[in-house]
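Notes to accompany the following structure.
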Amino acid sequence: MAAPGTPLSSSATQAISVSTVDAPSDPLLSSQSAQLDGHSSWDTHMGGSNGIGSRAPSRANTPGQDQMPLTIHSAAQRGDLPAIMRLVDSGRATVHDRDDDNITPLHWAAINAQLATCRYLLDHGAQVDALGGDLIASPLQWAARNGHVYVLELLCSRGADPTITDSQGFNALHLTVHSSAVMPLVFMLQQPSLDSPEGLDSTDSQGHTALMWAAYQGDAISVDILLKHGADVHKRDGAGLTAMHWAVVKGNRLCIRLLADAKADLLAKEDSGKTPRDMAIELKSIGAYRKALADIGLEEDGRRKQRTFGASTDRTARLATMVVPFVALGFIFATFAALPWYTAAPFAAAELFGMHHIVTRVILDPHEHDFLQRSNYFLAIVAGSIAWVGWEWVHKLASATPGYASNNLFFALSLIVCSWNLFRAASISPGYAPLVPSALHRREIVTQLAQQGRLNGQTYCVSCMARKPMRSKHCKLCKRCVARHDHHCPWVANCIGVGNHRQFLLFVGALVVGVLQFLYLTVVYYSINAPPYDPLPDSSYETCHLPFAFLCTATTFDAFLLGVALWAALQLTWTVILLVAQAWQITRQMTTLEVSNLGRFGFMGGKGGQSYAGQTNFIAQHSGRGQPSGSLSAATDRLQGIHKQFGENENAEIDVNLGADESADATSTHAHAHGSHSKLNLLRRVFASSSSWLLSIVGLDLYTRGKAGEGLKRASAAANPFDHGLLSNCKDFWSRGEDLNLDYTTLYDLPAEVSPGHCQVVPFLVDTVTAGGRGGAWRNRSPASGYSLLRSGADDDDDDSDNATMPVDAAGRRKWSMWSNLKKSAKPPGSATAILPTSNATHA
């Protein structure tokens, strides 16, 4: 049995199969849950032992607790700074004291995010890199394992060394990745000692890099961040496994896609000769592997797909997509002109389906990620419709409606304004936030935000790796942060932001006015030129079968024009709503996104707890697998608690707490309990799904998603620091911020020109606590609801046999696990059973 600190064998990584459906259990992670308010999640482990030889102080209300002796270590756990000061000033303790487990007060303060306590201890001479605990780790490593970003910043500013390794070979970067905390990872990667390839790709005792750990955990955001900083996708561990091999072990589609897009070697073989594809077949994650490669246009063997029109965003595909809707709409209108309407309708539906099939299955690649949203398909439909309306006006209405010159002139102006602003809204930049020019500049930004206690998802974008301006949002389709982001509009194939919002509003307004003028001129055209409809005397031979005589007249005289007019009238159903909503929002100095957030989350700036959710990364990680998890439920409960802490609606919707399987179970249970209504419920679900899709297509889903509609009610009473009245708001919109002397692309703080008296300040969610140290959102967390995002297939009890180096599932198959040998290394010499560390305390 290996003693702690002994180099670990790579035999734990030998290939065997594991199901990618059930999330395996990581005993090391579950044992390393956070120490909160001095309460150890492993107080009762091994008959009350905490795994390091003594029981950690607990805050449970037990008889005689008040009589327990106060030590500097228990005070540091609780963040009781006055008690620490009394102990130090009286000489009863020093900042260098170690407890029975060789742990310093700074370790306990760091693991519990007691920032003020950490600062006091360091100011009074505490050793910043003191090593202690069973795993012989530093305070920086304790804080890193729990993702306490502001403790990390304090320790690093006092000279803590991120490259120090514990007895398992983990440095601060590895442990930050283990925490799945995003902002701490961003901060750690800015440290000079980790910025070089040697630091970024440093390995643990088994040769695993931080990228391998992130891939193994299915942590797509951490994988993306590491790749953006230059992590090596070709590096191998002690068993010859690359990061792609470990991503396949987890079966996370997002991680596999990111690594493949970063040119990872898909044909790399580990020591036993298996490629990532071979392992995917063996571990039953081949489905995720295939879909991940298809997302970026690759075949299963890694070859680029050979398509006639190339990728969905290629120039050839975009040109073909622009042509097909125009031609298809012409065929549809011609069908109505050639056949009776009741015969033409099914043919027109078939032609419409054919158009959609050609675009989405022949021209575009349906297997690419977000292929339809990233294409110009809907822009082509709008442009083709405008072209046919203009053709009918030039070809028929302009010359056949004498006496209506003013209406024709007004329509011509509307057509020109609409077409030009559609082109401008689709082609110009929506107002992207600037990217950092260099890694040095990025380091300065991250360090400054961390020092200010503002390094979170609302101020820093981990996708752009740049500062995020106020009122901006990162668009996953445009892959940039858009200043004063309104929404991503499929009809212009572009984001709507400060740079093109004015053109978008002119386009929608001119479209509504132009359609109304076109419909009026169409009615005049039929009134002047079409002979009155004369129905047949014998109704049994009637061919019109329409409710209004005017429609019969129009179909008899010029059905092609009628088809174009009805198609144009159909667009009024959503453009009028959109125009009214946009005009109202402009007068209130709000965007569509802000109105939506106001209804769903209670304030304009974004999601309550957004920075915390972004740091813990539980949404992205579990959506990649689409499976329910106990840790996900625990995290969701904590997020709901944060919502309540901010005074938001207790019934606020959180869409991440129900996995696919769990949702299906709930549906089936409901159907069983109400069998007589099962068909009705099915129809309701189909209607809800289809209506949701239609709303997303026309861009109105932001008003209906969850409780977004309530934003329209709350907006009138919402505190908005940018709202300066109707006239000023309209001038600011038209001048793109110049009227308020603002540059929205670089607006990081409220300027003096914007009155702070209008603003209701929402505090940032940080993992720091006050000098009292009693906890905020951390306080009520029980050990049972441990927020574990790192799991493995190993069982809680190890087989003592030296031959049983790999865990085995119920079917007798061995499992892949990066933790297997680490568990064995945690056994003390001569121990018959492994005493696993059950908190970051033993990660010392």
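Including glycine, each Cβ sits where the backbone N, Cα and C put it.
Features reported for this protein in Swiss-Prot:
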type	residues	note
ACT_SITE	Cys489	active site, S-palmitoyl cysteine intermediate
DOMAIN	459-509	domain 'DHHC'
REGION	18-67	region 'Disordered'
REGION	789-810	region 'Disordered'
REGION	822-844	region 'Disordered'
REPEAT	168-198	repeat 'ANK 4'
REPEAT	239-268	repeat 'ANK 6'
TOPO_DOM	1-318	topological domain 'Cytoplasmic'
TOPO_DOM	361-377	topological domain 'Cytoplasmic'
TOPO_DOM	430-503	topological domain 'Cytoplasmic'
TOPO_DOM	581-844	topological domain 'Cytoplasmic'
TRANSMEM	319-339	transmembrane segment
TRANSMEM	340-360	transmembrane segment
TRANSMEM	378-398	transmembrane segment
TRANSMEM	409-429	transmembrane segment
TRANSMEM	504-524	transmembrane segment
TRANSMEM	560-580	transmembrane segment
Mean pLDDT over the repeat 'ANK 6' (239-268): what is the value? 95
Around the Cβ of Cys489 (active site, S-palmitoyl cysteine intermediate), other Cβ atoms within 10 Å, all chains included, total 23
For the domain 'DHHC' (459-509), jot down how many residues DSSP puts in helix, in strand and in coil. 9 helix, 16 strand, 26 coil
Tally Cβ pairs under 8 Å between the transmembrane segment (378-398) and each listed stretch (319-339, 340-360, 409-429, 504-524, 560-580), then give the stretch with the top tally. 319-339
Contact set of the transmembrane segment (340-360) with the rest of its chain, CB cutoff 8 A exclusive, min separation 6+ beyond the ends, reads 321, 324-325, 328-329, 331-332, 366, 371-372, 375, 377, 380, 543, 545-546, 555, 559
Using DSSP, break the repeat 'ANK 6' (239-268) down into helix, strand and coil residues and give each count. 17 helix, 0 strand, 13 coil
Might you confirm whether the transmembrane segment (560-580) is in contact with the transmembrane segment (319-339), defined here as three or more C-beta pairs under 8 A between residues 6 or more apart in sequence? yes
Other same-chain positions with a Cβ less than 8 Å from the transmembrane segment (504-524) and lying at least 6 residues past its termini are 386, 389, 393, 397, 401, 404, 407-408, 410-411, 414-415, 417-418, 421-422, 425, 486, 489, 492, 496, 561-562, 565, 568-569, 571-572, 575-576, 578-579, 582-583, 586
So what's near the transmembrane segment (409-429) in sequence-distant terms, Cβ-Cβ under 8 Å and 6+ beyond its ends? 376, 379, 382-383, 386, 389-390, 393, 489, 492-494, 496, 499-500, 503-504, 506-507, 510-511, 513-514, 517-518, 521
May I ask for the residues of the chain that lie six or more residues beyond the topological domain 'Cytoplasmic' (361-377) and have a Cβ under 8 Å from a Cβ within it? 257, 291, 294-297, 305, 307-309, 311-313, 317-318, 320-322, 324-325, 426, 476-477, 488, 490, 493
Counts of helix, strand and coil residues, the topological domain 'Cytoplasmic' (361-377), according to DSSP: 8 helix, 0 strand, 9 coil
Looking only at the repeat 'ANK 4' (168-198), what are its DSSP counts of helix, strand and coil residues? 21 helix, 0 strand, 10 coil
